[in-house]
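Trainee: Okay, handing you the structure first.
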Amino acid sequence: MAAATLLRATPLFSGLGAGPAPLLQGLLRPLKAQALPVLCRGLAVEAKKTYVRDKPHVNVGTIGHVDHGKTTLTAAITKILAEGGGAKFKKYEEIDNAPEERARGITINAAHVEYSTAARHYAHTDCPGHADYVKNMITGTAPLDGCILVVAANDGPMPQTREHLLLARQIGVEHVVVYVNKADAVQDSEMVELVELEIRELLTEFGYKGEETPIIVGSALCALEQRDPELGLKSVQKLLDAVDTYIPVPTRDLEKPFLLPVESVYSIPGRGTVVTGTLERGILKKGDECEFLGHSKNIRTVVTGIEMFHKSLDRAEAGDNLGALVRGLKREDLRRGLVMAKPGSIQPHQKVEAQVYILTKEEGGRHKPFVSHFMPVMFSLTWDMACRIILPPGKELAMPGEDLKLTLILRQPMILEKGQRFTLRDGNRTIGTGLVTDTPAMTEEDKNIKWS
């Protein structure tokens, strides 16, 4: 089981060096002008500010069950830091900025904001908690260096709390800080202590250091409304201190050619087409040639501008959450799931060999084994693609809890390379997590596989 433990605990892109990479493609709503993310709205006009890299950059995000207060906490953080010039205050309504999100009172797609503490610069992703949008949440958590798990004191851990922790663990998010929210709604201190105990047990169950994990009790709403400083302001300050100290600054791979999995594509009037995402590795400079690969596309162009949170950059580094303006392309030419890379540095593959851990029922996986030619969906980077699983010769069944070498054949060639991690899902269930070990050529037999 040592290999199984490795697959469950190793950072997602150990072979690529840039830390976790986006895994599960979201169910994108039709894009509207008012729904442009905070990240790239500034590209609609010439940026007036230049991003100054004077502090370590870290990607964090809020995860947790629906309506436990993730977006309220995100807004409270920006409000408190804005008073010292470390952020621009973002109201709840600005973070949940799509009409259907405001109408339902839940976050559907991950939203990005930025802020700075005395020690660090943060890109913060507010991840959706509703069960229907778990795939969107994972697109948000995948580039994260650490998470803030939000749990309501009056509810305790709930179904999406478990699922978010499981998925975050599978994709290599190794450091979690906990904020027990809505403490103002609970009169009994023993109930809060029980919730904390339950959270520590849950963290330990999913492979985190439950006894060492910082847990801060407070109320994001009190902080936002500037009342009860002990539960409000001071709790958020304690949380930020814990994030600064407990979540380490990751080592970025700046030596390899740049690789940007495309998260979203936007058409900016008067400027052109912008792709957004988190730079997985390397350095991207204004004026660099690039190519878009995947989904049967191979398009070459030039990066004419780079911005991060309304500020222009001459160069972006691995870990930066950015928008890149590209020359001569229309929005319909590009799509989520493509990869923007240095020309010639990477190529799509349709067949891979991989070491795969099959999740048990207790881990949220399948109840039953599967056979050769079983067809789940593979998620890696920002793409997902149907694939056929071929079991090793002499192996008739793949059992939950097994760690084994499999061959996977994709419906279309996608960006895959040695060391790349992926997740397998069947319906709304994560059934396995794997690591690519080789990318062999397709045989004639492989090419004749039926997909209907």
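Using the three backbone atoms N, Cα and C, a Cβ is placed for every residue, glycine included.
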Trainee: Per Swiss-Prot, which of 126-129, 402-405, 442-445 is region 'G3'?
Mentor: 126-129
Trainee: If you look at how Swiss-Prot annotates this chain, which of 105-109, 235-239, 335-339 comes out as region 'G2'?
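Mentor: The range carrying the region 'G2' annotation in Swiss-Prot is 105-109.
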Trainee: Could you tell me which of the ranges 93-96, 97-100, 181-184 is annotated in Swiss-Prot as region 'G4'?
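Mentor: That would be 181-184, the stretch labelled region 'G4' in Swiss-Prot.
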Trainee: Select from 64-71, 360-367 the stretch of residues annotated by Swiss-Prot as region 'G1'.
Mentor: 64-71
Trainee: With the cut-off set at 10 Å between Cβ atoms, which of these recorded positions ends up with the most neighbours? Options: Thr71, Thr72, Ser312.
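Mentor: Its Cβ has the most other Cβ atoms within 10 Å: Thr71.
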Trainee: Using only C-alpha positions, which one of Thr72, Asp184, Ala220, Lys256, Lys361 is spatially nearest Lys418 (N6-acetyllysine)? These are the recorded positions in the record.
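Mentor: Closest by Cα distance to Lys418 (N6-acetyllysine) among the recorded positions Thr72, Asp184, Ala220, Lys256, Lys361: Lys256.
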Trainee: What whole-number Å value do you get for the CA-CA distance of Asp184 (GTP binding site) and Thr278 (phosphothreonine)?
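Mentor: Computed Cα spacing between Asp184 (GTP binding site) and Thr278 (phosphothreonine) is 36 Å.
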Trainee: Between Thr278 (phosphothreonine) and Asp67 (GTP binding site), what is the CA-CA distance rounded to a whole number of Å?
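Mentor: Their Cα atoms are separated by 27 Å.
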Trainee: Given that the record lists Asp67, Gly69, Lys70, Thr71, Thr72, Asn181, Asp184, Ser219, Ala220, Leu221 as binding GTP, what is the largest C-alpha to C-alpha distance among them, in Å?
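Mentor: Farthest-apart Cα atoms in Asp67, Gly69, Lys70, Thr71, Thr72, Asn181, Asp184, Ser219, Ala220, Leu221 are separated by 17 Å.
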Trainee: Between 0 and 100, where does the mean pLDDT of the region 'G2' (105-109) sit?
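Mentor: That stretch averages a pLDDT of 38.
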